[in-house]
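One structure is given below, encoded as C-alpha cells.
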Amino acid sequence: MDWHRLHTSASIALLRTLLICINIIFVISGGILFMLGIVLRSQLAIFLDITPEMSSSSPYILIGLGLIIFFIGLFAFWCTIKGHVTMLYIYAVVVFLIFAAEIFLAVTVLMKQQTYEETFKTSLGNIIRQYPNEPMATHVNRLQIALSCCGIDSYTDWFQTTYGSELRQVPESCCKKSLNHPCTRTDLKKEYLPADINSKVG
C-alpha cells in the first residue's frame, strides 16, 4: 500500500471538503452583501441624501462587492468539485484572503459604529437648523414620516432652531396621523410623535 499516495489523497479530500464548506459561506456572504446594497439603495436612500459625509456610492460598492464575491465563490466551488490539485491550493489561498478581508471590513464597521452615529446626528442637527429651506425641509419631513419620529433626540430639538423658536411649533411631519382632528401642535403628549430619529437609527 502506497501510504504517501493515500496520505496525499486524504489531504486533498479534506481540503476539498473544507473548501466546499468555505465556498458555501463565501457565496452566501456575497449574496448578503448584494442584498444589503439593494436595501440600502432602495429603502435607506433618504439617509444618504441628508448625510453628505456618507457616500451615495456606498450601496453600489456593496452591490458590486457582493456580486464579485458571489461569482468568485461559485467559480472556486466549481474548481473544488473538479478537483484540480493546483487550482485547489490557489483558490484556497484566494478564498482565505477574501474571507479575511470580509471579516476585517465587518470588524472595522463595528468599531466605527459610534463615529457613524455621531456623524449622522451632527448632520441631522445642521439640517434641521436650515428648516424650512428646501431641499432640506423635504428630506427632514420624509425622514420623520418614514421613521414616525420627531426631532433628533426629542421634539424639543425643534425649539432650539430658528424655525421652532420663532413659531413655537414643530413641522407637521411631527404630528400623529391617527388624530381625527387638525394637529394644533400644542398638546405635546397627545399630538407629537414620541420617538426620535436618533433612537430609530442608532
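Cβ atoms here come from the backbone N, Cα and C positions, even for glycine.
Unlike curated entries, TrEMBL annotations are predicted automatically.
The feature disulfide bond is assigned by TrEMBL to C150-C174.
Beyond the ends of the transmembrane segment (12-40), by six or more residues, the same chain brings 48, 58-74, 76-77, 80-81, 83, 85, 88-89, 91-92, 95-96, 98-99, 102 to within a C-beta distance below 8 angstroms of the stretch. Here TrEMBL flags 12-40 (among others) as transmembrane segment.
The transmembrane segment annotation in TrEMBL covers 60-81 (among others).
Under 8 Å from some Cβ of the transmembrane segment (88-111) lie the Cβ atoms of residues 12, 15-16, 19, 22-23, 25-26, 29, 69, 72-73, 75-76, 79-80, all in the same chain and six or more residues away from its ends. As annotated by TrEMBL, transmembrane segment applies to 88-111 (among others).
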